[in-house]
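Here the structure is laid out as structure tokens; the discussion comes afterwards.
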Amino acid sequence: MPGARDALCHQALQLLAELCARGALEHDSCQDFIYHLRDRARPRLRDPDISVSLLTLVVTACGLALFGVSLFVSWKLCWVPWRERGLFSGSKDNNQEPLNYTDTETNEQENSEDFLDPPTPCPDSSMKISHTSPDIPLSTQPGGQENCAHAVRVQRQVTEPTPSARHNSIRRQLNLSNPDFNIQQLQRQEQLTGIGRIKPELYKQRSLDNDDGRRSNSKACGKLNFILKYDCDLEQLIVKIHKAVNLPAKDFSGTSDPYVKIYLLPDRKTKHQTKVHRKTLNPVFDEVFLFPVHYNDLEARKLHFSVYDFDRFSRHDLIGQVVVDHFFDLADFPRECILWKDIEYVTNDNVDLGELMFSLCYLPTAGRLTITIIKARNLKAMDITGASDPYVKVSLMCDGRRLKKRKTSTKRNTLNPVYNEAIVFDVPPESIDQIHLSIAVMDYDRVGHNEVIGVCQVGNEAERLGRDHWSEMLSYPRKPIAHWHSLMEKR
């Protein structure tokens, strides 16, 4: 049956071909028939054949990859250790050869002389390329000089292997015992051995220098120019403040209103101050100040300059300070000497004036505010003797006006006084938010006027700890709240 069907199909195709050739059928139908015959004549791959061919390619690629990996692993595991073992055994055999230390020393001296001095004709003796290689005889034929020059160049390019500790000790003994020991040779050896070494001390020094440079730049607040001179007849230290340059800007306008306070420490009673120069970063003062002091006492005294920025509506800003001591080490002193000093950056907190401890207690029903001055510590010395006579003055302030003031007793000749004295103010509850306390530690002076050692404030208008202490007192009425307060300079 299939054979008869194929025969019928073949006859039908022939019949259609004859009809197309005679033109009995349409041209388009004949073209479609011809294209159909061509498509049937092309060999077609079945889907199972395509999948089998792709699977064969994938399996072949995986096999090649596994073969490459196995070759690489076998090379790493077998070939590299075998080669290193062969090299190590060869070098070990070479190191076991006997060394002629006398010849080595002689040849080393010849090499050093040849390296430092101009080239000389080649000797007839043998030349050593290294400590472990045998002697190579040199030919003495007519072209010997050219061969020698070439050999010398080759010798200089060869790196000498590192000698053992025993070799170094024996060679050192030979060098010391040799009467012709050359210092230049030893220096050259040290230079050659030092090439390529890392010296941590050089990097450490450089880093320290860089740190010092950054530190000095970060603390620089300009420079102060002044003149010092001592008048032996009047026994006075003459200080002339000439000018300041490159001061930092403290105002929003990009300028400052600078002035300078001067002390001859440890005496803070004698204080001088320059005029305020408005809106400038390079003020010219040209003011002279006198400090009566004995010449022999200058060694224990320090000249202290404090540069401030004047502010009409708030506390003055401390720009920086300059401290001059060891007057006898200054050039041309006691004659006139001109000095330029960097103004060191300090904050108000860095000015160590001491601390004061007191407690606050408020009774709302009675309208009574009690401040108990307990003690102070590490106060700044205001007298030449290195001590002070401190007492505490408390002022009740409202809108910048002083309503009342009280003070404690004076403690003589101490920097750590203990008071335990209570001061009471009558303040009604409706006015407690409008007032604040100003506390000043004073130094009593029997002859002159009393000096302020330092001040602090508590209240809603105070800063940081002063405001926190006041808020804590109001939060816990009828309970004494004690804190230490750092003293600040009075503005």
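A Cβ is built for glycine as well, from the same backbone N, Cα and C atoms used for every other residue.
Given the structure is predicted, the values throughout are model-derived calculations rather than measurements.
Residues ASP309, ASP311, ASP317 are given by Swiss-Prot as Ca(2+) 2 binders; from ASP233, ASP251, ASP383, ASP389, that same site also lists ASP251. Checking the candidates SER126, SER169, SER177, SER431 against Swiss-Prot, the annotation phosphoserine falls on SER177.
In Swiss-Prot, the feature region 'Cysteine motif' is placed on 9-31, out of the ranges 9-31, 55-77, 354-376. Between the alpha carbons (Cα) of ASP251 (Ca(2+) 2 binding site) and ASP257 (Ca(2+) 1 binding site) lies a span of roughly 8 Å. All chains included, 18 other C-beta atoms sit within 10 angstroms of the C-beta of ASP389 (Ca(2+) 4 binding site).
Reported as a whole number, the C-alpha separation between ASP389 (Ca(2+) 4 binding site) and ASP309 (Ca(2+) 2 binding site) equals 30 Å. Residues LYS250, SER256, ASP257, TYR308, PHE310, HIS316 surround the recorded Ca(2+) 2 site, their Cβ atoms falling within 8 Å of the Cβ centroid of ASP251, ASP309, ASP311, ASP317, which are themselves excluded. Listed in chain order, the extra residues whose Cβ falls within 8 Å of the Cβ center of the Ca(2+) 4 site residues ASP383, ASP389, ASP443, ASP445 are LYS269, MET382, SER388, PRO390, TYR444, ASN450, GLU451. By neighbour count, meaning other C-beta atoms within 10 Å, the densest spot among the binding-site residues ASP311, ASP383, ASP443 is ASP443.
Within 10 Å (C-alpha to C-alpha) of ASP257 (Ca(2+) 1 binding site) lie the following binding-site residues from ASP309, ASP311, ASP383, ASP443, ASP445: ASP309, ASP311. In the three-state DSSP reading, ASP389 (Ca(2+) 4 binding site) counts as coil.
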